[in-house]
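Trainee: Please see the structure below; I have some questions.
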There are 2 protein chains.
Amino acid sequence: MTPFKLTDELLAEIEQLIEEQQDSRLLSILEDVHYADVAEIANEIEEDQATYLIKLLDSDKTSDVLTELDDDVREAILKNLSSKEIAEELEELDTDDAADIVAELPKEIVQQVISEIEDRDHAEAIVDLLRYEENSAGGLMAKELVKVNENWNVLTCVKEMRTQAENVTRVHSIYVVDDQDILKGRLSLKDLLTTSTTAPIKDVYIPKVDSVNVNEKPEEVARIMSKYDLEAIPVVDEIGRLVGRITIDDIVDVIKEEAEKDYQLAAGISQDVEADDSILDLTRARLPWLFLGLIGGVGAAAIMGGFEEMISKHAILFFFTPLIAAMAGNVGVQSSAIIVQGLANDDLKGSISNRLVKEILLATLNGLVLALVLLFFTWFWKGNFPTALAISISLIAVIVVAGIIGTFTPLFLHKRGIDPAIATGPFITTSNDIFGILIYFWIAKLILGI
Amino acid sequence: MTPFKLTDELLAEIEQLIEEQQDSRLLSILEDVHYADVAEIANEIEEDQATYLIKLLDSDKTSDVLTELDDDVREAILKNLSSKEIAEELEELDTDDAADIVAELPKEIVQQVISEIEDRDHAEAIVDLLRYEENSAGGLMAKELVKVNENWNVLTCVKEMRTQAENVTRVHSIYVVDDQDILKGRLSLKDLLTTSTTAPIKDVYIPKVDSVNVNEKPEEVARIMSKYDLEAIPVVDEIGRLVGRITIDDIVDVIKEEAEKDYQLAAGISQDVEADDSILDLTRARLPWLFLGLIGGVGAAAIMGGFEEMISKHAILFFFTPLIAAMAGNVGVQSSAIIVQGLANDDLKGSISNRLVKEILLATLNGLVLALVLLFFTWFWKGNFPTALAISISLIAVIVVAGIIGTFTPLFLHKRGIDPAIATGPFITTSNDIFGILIYFWIAKLILGI
C-alpha cells in the first residue's frame, strides 16, 4: 500500500474539476480514495465545493466521509442537504455514528430527518441512542451486534446470525442472551468455525463475558478494554439487559482525545484547537491561561514590592527571582504530571502520608544537589557567602514546597471529582511562582537578618 | 461484570496464603481472576512470592501474566525459572509477545530456552521475529495469521483455515497470497459466513488490502490503523511477501506510550517513570531538566546583573522579571504544543511563512490585551506612566518572540529528524526565560533612555 498523501497539486486539480463540474473525472479520481482521505480533502476545500463532492459521491461512501469531517465542515455541509439526503446518509451508517450526527442537527429538522429513514428498525435504534448521555458508555455504543438466544440450537443460531451479520461491520463476538434479553455469555466466531453444528447453544457458550454498564464513563470503558485487550465489549443496562456494543475503534478515539486534552491542559490550552484554527479560536484557547500567568506575575511583583527595602543592600536577591519562579514551576509540574499519570493509569498505591514523605525526600535530594551548584556559582560570582547561602537554602525550601503542592493539588482535585490534569498546566506554575517567591524572600530575610 | 479491584485486604490474604503454601486456596481464589489482574497482584508482592505464584498457576495463564508484568518484576521472575519453564511459557504465547520476552532474556540462556520449545514452527517464528528492529512494524507484528492461497477453492480454504485458526487468537481477516507468498488481497470472515462454499478463492477475494512495510515506524502504523479504523493490518517485506500481522491491541499500547512520552517530555520528565518508582529513578528522570532550568535561571540572573545600574532608578523593572519569564515560557509552550500536535496528527497545512505571519498576529493580539491590563495595573500601582509603558511594550515584544521561538523550534527539530515533543518542556521555557528577560531589559532601557 502506498499511503495516500494529500498534495497541493491534487487539491488544486480537484478544486478545478469541481468548478468545471467534470463529474465523471472527479468520480474516477475519488473512486479508489478511502473515505478518511476524502474527508481530508473536503476539510481543505470551500464549503460549497465540499457539499458538491458529497452530493456527487455515493452515499455509502459519503456517509463515512461525514463521520470523519471536522465538526464545522460537517455542520456546513449538512445545512446544504435536504432532510431526505441526510436520511439517506444515516441509513448507511452504523447507529452510533448516525446518532452522533443526529445529535448535532438543528432541533427543528431532527424529526423530519428521522421520519425519512426507510429502515424503521434503524431509525428506532438511532432514536434509542439519542437518550443516552454523550459522555457515557451509552453515548459511545452502537446497536449493531450479533446476539443469539441460549435456548436456540446451533442450526437456528447460524441461520439467525447470517441475517444479523448483514448489518454488522465487524462481528467480533456473538452474545448469548436469555428470553428477557439478559446477557448470559458469548460465543466466539472461531468456536463456531471449529464446533459441530448440532450442539445446543446452552452447552457451547462461554458463560463469562466482560461487560460495562450503560452509565460507565468512556475513560473507564477505555481503561477496561485496553487492560483486558478487548476488541469489543457489550453494554448492559441497570438490570443486565444487552443494549449495545462498543468497539475498539471508538475507544482508540477516546484514548487519543483524552491524551490530547491532558497534553493541551499541561501546555495551557483550554479548548480543543488545532494549528489551522482561526486566530480568534486560538486566542480564546490560549488567552485565559496567559491571564492567569499575568495575575501570578503581578502577584509576584507585589510580593517583591513588599521586600523593596532589601534592594539597596541585596540587589542580587532580585536577580534570582526568575530562577526561583522557574524552579518552583518546573518541580510543581513534574510532580503533578507523575501523579496525574498515576491516577489515569490507576496505579497509585499506598497511603497519602507515604506519598508525602517520598515527595519531600525526593524534592530535598533534588533541591540539595541544585542548591549546592547554585551556592558555588553565586559565591564565586559575587563573593558574598551569606547571600549565596541564603539564596541556596531558600531554593531547597522552595523546591520542597513546590513538590508538595504539585503532589497534592492533583490528588485533591481528583478527590473532588475534578479532572486532575488541569493541575499540571499554568495553574500549578502560577501558584508555585507566587508561593516560591514569597518563601524565597521570607527565608532570605530571616537568614540575612534584615 | 463487577470490575476487579485490588484491595489491601486481598493482597494481604494472598501474601499470607503464599507464606503458608496453601496452594489449593490460592488456586481457587485466582481461578477466576483475569491474567491482567494477576499481573497487578504480582507487581505488588515480593519477587519470590510472585515467582511462587507463577510456578503455581497453569502456564496458559501465567504466560499472559508475564506479558503484563512491570519490566523489573518480569526480569526477576524469569531469573528464577529454568530454561524449560520459560520455554513452556513461550509455547503458550503469541509469537510477538514471546519474541518480546526472549529479547529481554540474558544472551547466554536464549539458545537453551529456544531449544526447549517443543513446537518447532513456533520456535522458528520467534527466532524470525528477533531479527526485526524493536521500533518498527516488524518488531510489533506477530506471525499468527490466517492466510489462504489464491489458487485454492473455498473448500480447501475452509479446511486449511480451521487448522490455522487453532493457533490464532483473533482471526480478523483472512489474507490471500499467491504461490510466492505475495499478499494479493483479503477475505472477511463475514463474507465466508455468507458466501457459497463452492466458489474459487480467486473469484471471491477482495483485491484491495491495506498493508504496511516491515520497516515502518510504529507511530506511522498507529496513524494508519486509527485513521482507517483498522483492527489488524498485514505486514509485508520489501518485495511484498506477507510476513506478519499487527493487531489493534498492540497499537493501543503504542498510542498510549506515545501520549505518555509526549506528556512526560512536556512536563520535564526525561524517562519513563511512575509515581511508585524509587526515589533514585525519579531523581534521574527529573534532575536533568531541573539543571537546565537552573542554568537558565543563572543566565537570567547574569543578564539582570548587566542591567544593575538601572536598579536605583527603576527597581520596579526588576519586580516584573518573574512575570516576563512566566509569560515568555507560557506562550512558548502553548505555541510549540499546538505545532507538536499538528505534526503528530499530520494536519499541518500551508507554508512556513504563512505560519510565521499567523503566529506573529496571534502573539501580537494576545500581547496587546495582556499589555493593556498590565499597563493600567502598573500605572495605578506606582503612578509612573513611562515605566508602566516601557514594561507593557516590552511584554508585547517578549510574547511575540516567544511565540515565534515556540512555533519554529518544533518545526526545526522535526525537520532534523528529532522528536519535536522535547521542544514543549523545560527546554523552551528555559530558553524563552533568557531571551524574554534580555529583550525586556533591552527594550525598557531603550524606552526609558538610561
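Any Cβ shown, glycine's included, is placed from N, Cα and C.
Okay, so TrEMBL annotates it like this:
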type	residues	note
DOMAIN	A:141-204	domain 'CBS'
DOMAIN	A:205-261	domain 'CBS'
TRANSMEM	A:287-304	transmembrane segment
TRANSMEM	A:316-340	transmembrane segment
TRANSMEM	A:360-381	transmembrane segment
TRANSMEM	A:388-413	transmembrane segment
TRANSMEM	A:425-448	transmembrane segment
Trainee: For the transmembrane segment (A:287-304), find every same-chain residue at least 6 residues outside the stretch whose CB is under 8 Å from a CB in it, and list them.
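Mentor: For the transmembrane segment (A:287-304), the nonlocal Cβ contacts are 268-270, 318, 321, 325, 425-427, 429-431, 433-434, 437-438, 441.
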Trainee: Looking only at the domain 'CBS' (A:141-204), how are its residues distributed among DSSP helix, strand and coil?
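Mentor: Helix, strand, coil within the domain 'CBS' (A:141-204): 22 helix, 19 strand, 23 coil.
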Trainee: How about long-range neighbours of the transmembrane segment (A:316-340): same chain, 6 or more residues beyond its ends, C-beta under 8 Å?
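Mentor: Residues 262, 266, 300, 304, 307, 310, 348, 359, 363, 366, 370, 374, 378, 382, 384, 387, 390-391, 394-395, 398-399, 401-403, 405-407, 409-411, 420-421, 423-425, 428-429, 431-433, 435-437, 440-441, 444.
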Trainee: If I take every residue in the domain 'CBS' (A:205-261) and average their pLDDT values, what number comes out?
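Mentor: Mean pLDDT for the domain 'CBS' (A:205-261): 91.
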Trainee: Under DSSP, the domain 'CBS' (A:205-261) has how many residues in helix, strand and coil?
Mentor: 24 helix, 15 strand, 18 coil
